[in-house]
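As recorded in Swiss-Prot:
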SIGNAL    1-16  signal peptide
MOD_RES   GLN17  pyrrolidone carboxylic acid
DOMAIN    18-73  domain 'BPTI/Kunitz inhibitor 1'
DISULFID  CYS22-CYS70  disulfide bond
DISULFID  CYS31-CYS53  disulfide bond
DISULFID  CYS47-CYS66  disulfide bond
REGION    74-85  region 'Linker'
DOMAIN    86-139  domain 'BPTI/Kunitz inhibitor'
DISULFID  CYS86-CYS139  disulfide bond
DISULFID  CYS95-CYS120  disulfide bond
DISULFID  CYS112-CYS135  disulfide bond
Amino acid sequence: MRLLALFAFAVAVVSAQRNQMCQQPRTQGSCDASNQITKFFYTGSGCTSAPVCSDTDGGYGTEDECIQACTVQGGHHNEGAGEEGCSGDPPRGDCGGQVEERYYFDSTTRTCQTFEYRGCSSGNPDNSYETEIECEIACPSASS
């Protein structure tokens, strides 16, 4: 059981790091063309390439890496995303567990909203995201 908990924690840490990198703005840096490389950046609607200085942090080496890390198609975000993950009531529950602030996609306002999660599901478990950024990536119409 401890091994499973450790694995889940490791996955959560990697996911959080990936989300942060997806949201980093592209920085050009200052270098001549001979020191530039192409990296891929998430733009909110997909991954696009851009020339950057070779020592620039952020971005992905390939379009596939960017897609895997930053889009629903890459499987990084809630697998129920799309119509199922971006609709219905969030899983508020009332199990008496510790209250945790999470985000869900409100299909009426087409925005990501907060809700109090209490450790069990009484709504759509796919419409629950740990961060607002994760919700906006999974439900693109939230950020447009």
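Cβ coordinates come from backbone N, Cα and C, glycine included.
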Summary of DSSP states over the domain 'BPTI/Kunitz inhibitor' (86-139), given as helix, strand and coil counts: 7 helix, 15 strand, 32 coil
Closest of CYS22, CYS31, CYS53 to CYS112 (disulfide bond), Cα positions, disulfide-bonded residues only: CYS22
The one of CYS31, CYS47, CYS66, CYS112, CYS135 whose CB sees the fewest other CB atoms within 10 Å, among these disulfide-bonded residues: CYS31
Nearest of the disulfide-bonded residues (CYS22, CYS53, CYS95) to CYS66 (disulfide bond) - Cα to Cα: CYS22
Averaged pLDDT score, the domain 'BPTI/Kunitz inhibitor' (86-139): 81
Residue distribution over DSSP helix, strand and coil in the domain 'BPTI/Kunitz inhibitor 1' (18-73): 17 helix, 15 strand, 24 coil
From CYS31, CYS70, CYS86, CYS95, CYS135: disulfide-bonded residues whose CA lies within 10 A of CYS47 (disulfide bond): CYS70
Rounded Cα separation (Å) that holds between CYS139 (disulfide bond) and CYS53 (disulfide bond): 32
Which of CYS22, CYS53, CYS70, CYS86, CYS139, all disulfide-bonded residues, has a Cβ with the fewest other Cβ atoms inside 10 Å: CYS53
Spatial separation of CYS95 (disulfide bond) from CYS135 (disulfide bond) - C-alpha basis, Å: 24
Between CYS22 (disulfide bond) and CYS53 (disulfide bond): CA-CA distance (Å): 18
When distances run from the Cα of CYS22 (disulfide bond) to each of the disulfide-bonded residues CYS31, CYS86, CYS95, the nearest one: CYS86
